[in-house]
Amino acid sequence: MNRSLRPLLATVVIFAIAYAAAVMQFPALFSTRVLGNFLTDNAFLGIAAVGMTVVIISGGIDLSVGAVIGFTGVLVAVLVTWLGVHPLLAFAIAFVVAAAFGAAMGLVIHYLEVPAFIVTLAGMFLARGGASVITQDSVPIDHPFYKMITSLYFRLPGGGRLTFLGLTMIAVFIIGAILVHRTRFGSYVYALGGNTTSASLMGVPVARTTILIYMLSSVLACLAGIVFSLYTSAGYPLAAVGVELDAIGAVVIGGTLLTGGYGFVFGTFVGVMLLGLVQTYIIFDGTLSSWWTKIVIGFLLFLFIVLQRLVFAASAQGDKAPGRA
Amino acid sequence: MNRMALRNVVNTQTVALVGVLLLNWVLFPGFFRIEWQDGRLFGSLIDVLNRGAPVAILAIGMTPVIATKGVDLSVGAVMAMAGAVAASLVVAGYPAWIAVSGALALGLACGIWNGILVALLDIQPIIATLVLMVAGRGIAQLVTEGSIVTFSDPTLVFIGTGSFLGFPMPVVIAFALMVLVTLAVRKTAIGLFIEAVGVNRSAATLAGIRSRLLLIVVYSISGLCAATAGIIVAGDIRGADANNAGLWLELDAILAAVIGGASLLGGRFSIPMSVVGALIIQAMNTGILVSGFPPEFNLVVKAGMITLILMIQSPLAGHILGWFGRGKRGAA
C-alpha cells in the first residue's frame, strides 16, 4: 500500500463505516433514492469544493466561493427575470464575470505578494456586497428553460433519480481529477503547493498558474451558483453563506493537506458525501436538531486534521514528499 | 521628545480615522455634536465608539495572534457561546458574577483549545481555529436549545448598555482592555517574544523563548477578549442569539488589525492602532448609514478599503515608493 494514499484510504474507510452504521439504524438510507438525492442536494457544494481542492493543493485558500455563488445566482436571476435574457446567455455572462473576478484575485495575490486569505476575504466582501447592492430580495426565476433542466433525470433502479445537477457534479469531479492528476497544469499546481520558490526555479510559470488557479476556482464557484439557482429557482444575495467553510471542510476531510502540495480530487468527493451523510442522518433521525450538523462537522474536521498530523509525522521519518497520486 | 510623542500619534491610521470622521461630518452636519443627558454622553461620535467596542475588543485579542503569524477564526463563534452561557446561567437563577465568570472561563477554555491545536499539534492556525468556528455556533445553539434566551438581569444589562463617568460601558471595558494588554506587551518583554515567534518560530525557540506556552497564552487572551465581547453584545440586546451574535465579526477583527498595521506574515503589531482600525471600520459603517446608502453597501466599501491597504502595504508599493524617495534625494 502506497504510504501517500493513507489519508485518502482513511477517509474512504470512515465514510464506509459511517454509512454502514447509518444503514444499520435506518435501512431506508440504503436506497438509490437517498443516494440520488445525496448527489442532487450537494451538487453545488461538490462543484465549489473541486475548485477549492485545486486552490488548497496550490497552498492557497479561497474564501470568496460562497459569495460568488450568491452573486452568480443574483446576476442570473436579474438577467433572466428583469431583463428577459435567455438563461444560456445569462450563464455565459456570469462565467465571464466570474473568470475576470478570479483572475483579478490571482493577479493581486501574485503581484502584490499578499496572503490569499486576505485577498479572497476582500473578494468575498466585494461579491456579497455587489449582490446585495443589485437587489436585497430573493428574485424568482420562472423560465421554461429552467423547468426543462430541472426535470431532466435518469431513473435509477429502485426509484432513485440521477438528476442533471447530480450528473453535472460528477462530471466536474471527473474533469477536475483529470486536470489535477493528469495534465501539466496539474503538476504545476502541485509544484506551487510544495514550494513556490523551487517551482519557480524549475521553470513553472508561477504568475500564470496562480492566476489560472483562482480563475478556475471562481469559474467553478460560478457554475455552483448556476446549479444552486437551478436547484432553488431563485437568486438571493445571502444564498450560500458559509459554503466556503463547508467546501474547505470537505477538502480537509478528503485528505488534502492544507499546507499544499498534496491531495486528491476523489478525496474531496468522499468528503462532500460524508458531509451529506451527516445531514441526511440527522434528518432521518428526527430527534436531533439541525445544530448537531455543525458540531459533528467540527468534530470530523478535528479528527481528520489530527489524523493527518499523525500519518505525516509517522511517514516523515520514512519518505518525505509523498508527491502526486 | 515632544516631536517623538507627536509622531507616535500622527500616523496613517489616525489620519485615516480623522478623514473618515470629517467625511461623516460633511455628510451629516450634526455628527460632532455631543450632549450630556441623564448622566451620560450622547451623540454620533459616542455611538461610533459604543458600536465599535465589540470589534475593538476582538481586535485587541486578535492582534497578538496575528503577530505570531496566526489567526483566530473562532472569535465570532466564541462570542456566541459566551453570550449563550452567560444568558443561560442567569436565566437558571445564578447571580450575574457567576454568569460572567462562567462565560469568561468558557472563552479561556476555547482559547487554550485553539492554542493547544496550534502550539502542540502544529496545526495551521486557520484550520485549527476553523474547527471551533464551525462547531462553536452549533454548541452555542445547543446551550440555548435553538431559541434566543432573553434575560433582564440588571448587571448583565449594565455591562451592555450602562455608563461609567458618562461613557458607555462597552467603551470603558474596551479602553481598559486596550491599556491593560498594551502595557502587558509593551512594558514587558512579552511583545518582543510575540514578534520573535511571529518572524521565525524555530529561531525564537532556539533562542530560548518558550514558544509553545507563549502561543497558548496568546490564543487564550484572544478567547477571553472574544468572551468579553460576547457578554457585551448579549447584554446590549438583553438576550443571547446563538445564530447571529458575532456573525462575521472575526473578519472585521482581522481587518481592524490589518488596518492597524499588523502584518499577516507576523512580527509586527500595535494594539492601540488595531483599536483605531476598529473605529475606522465603525465610523465608515455609521457614515454609510447616515448618508442614506443601503447598509449592504458597507461590504463593497470594505472590500475597496482592504484592497487599498493591501496595495499600500505590499512589497511592490514599497519598491515604487522607495524608487520615488531615491529620485527625490538624488534631485536634492
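Using the three backbone atoms N, Cα and C, a Cβ is placed for every residue, glycine included.
Predicted, not measured: the structure shown is a model, and the values here were computed from it.
Annotated transmembrane segment per TrEMBL: A:38-57 (among others), in sequence order.
The transmembrane segment feature in TrEMBL is assigned to A:64-83 (among others).
For A:89-109 (among others), the entry in TrEMBL reads transmembrane segment. Proximity of distant same-chain residues to the transmembrane segment (A:89-109), defined by a Cβ-Cβ separation under 8 Å and at least 6 residues beyond the stretch ends, is recorded for 60, 62, 64, 68, 72, 75-76, 79-80, 115-116, 119-120, 123, 127, 210-219, 221-223, 225-226.
Residues or ranges marked as transmembrane segment in TrEMBL: A:116-135 (among others). Counting only same-chain residues 6+ beyond the ends of the transmembrane segment (A:116-135), those with a CB under 8 A from a CB of the stretch are 55, 60-64, 66-68, 70-71, 73-75, 78, 101, 105, 108-109, 214, 235, 237-238, 244.
According to TrEMBL, the transmembrane segment annotation covers A:162-180 (among others).
Marked as transmembrane segment by TrEMBL: A:211-231 (among others).
According to TrEMBL, the transmembrane segment annotation covers A:238-258 (among others).
What TrEMBL records for A:291-312 (among others) is transmembrane segment. Outside the transmembrane segment (A:291-312), and at least 6 residues removed from its termini, the chain residues within Cβ reach (under 8 Å) are 6-7, 10-11, 246, 249, 252-253, 255, 257, 274-275, 278-279, 282.
Panel annotation: around the transmembrane segment (A:64-83), residues 44, 48, 51-52, 89-91, 93-94, 97-98, 101, 105, 120-121, 123-128, 130-131, 134-135, 139-143, 146, 217-218, 220-222, 224-226, 228-229, 232, 234-245, 247 of the same chain, lying at least six beyond its termini, place a Cβ under 8 Å from a Cβ of the stretch.
The highest tally of CB pairs under 8 A with the transmembrane segment (A:211-231), across A:38-57, A:162-180, A:238-258, is held by A:38-57.
Same-chain residues lying 6 or more positions outside the transmembrane segment (A:238-258) and placing a CB less than 8 Å from one of its CB atoms are 7-8, 10-11, 44-46, 48-49, 51-53, 56-57, 61-67, 69-70, 73, 124, 128, 132, 224-225, 228, 232, 264, 266-272, 274-275, 297, 300-301, 304-305, 308, 312. If one looks beyond the transmembrane segment (A:38-57) by at least 6 residues along the same chain, the residues whose Cβ comes under 8 Å of a Cβ in the stretch are 65-66, 69, 116, 161-163, 165-170, 172-173, 176, 179-180, 189-190, 193, 213-214, 216-221, 223-225, 227-228, 231, 240, 243-244, 246-248, 250-251, 254, 256-258, 260-265, 267-269, 271-273, 275-277, 279-280. Remote same-chain residues near the transmembrane segment (A:162-180) are listed as 36, 39-40, 42-44, 46-47, 50, 53-54, 57, 149-150, 152-156, 186, 189, 220, 223, 227, 230-231, 264-266, 268-269 (criterion: CB distance under 8 Å, separation of at least six residues from the stretch ends).
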